[in-house]
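One structure is given below, encoded as structure tokens.
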Amino acid sequence: MKLLPLLFVILIVCAILPDEASCDQSELERKEENFKDESREIVKRSCKKECSGSRRTKKCMQKCNREHGHGR
């Protein structure tokens, strides 16, 4: 009978704490999002270079982004 409260506490703690798989999944999602953000930034910088000077128009930037797969 003395073990019953201890088992109950362990059960509650296990239910509250996230399991290892969900932690790994969250970390993977964060890494994937960071990769997407970095990729967008790289494309944005290269398009700014490509569309620099007098060619730097909204149309040029949109075309460049579409060609690199980041068009909206």
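Yeah, the Cβs are placed from backbone N, Cα and C, and that goes for glycine too.
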Return the single candidate from Cys23, Cys47 listed in Swiss-Prot as disulfide-linked to Cys64.
Cys47
Please work out, from what Swiss-Prot records, which of Cys23, Cys60 forms the disulfide with Cys51.
Cys60
Which residues does Cys60 (disulfide bond) neighbour through Cβ under 8 Å, counting only same-chain ones at least six apart?
Cys47, Glu50, Cys51
Expressed to the nearest Å, what is the distance separating Lys48 (site 'Important residue for potassium channel Kv1.1/KCNA1 inhibition') and Cys64 (disulfide bond) at their Cα atoms?
9
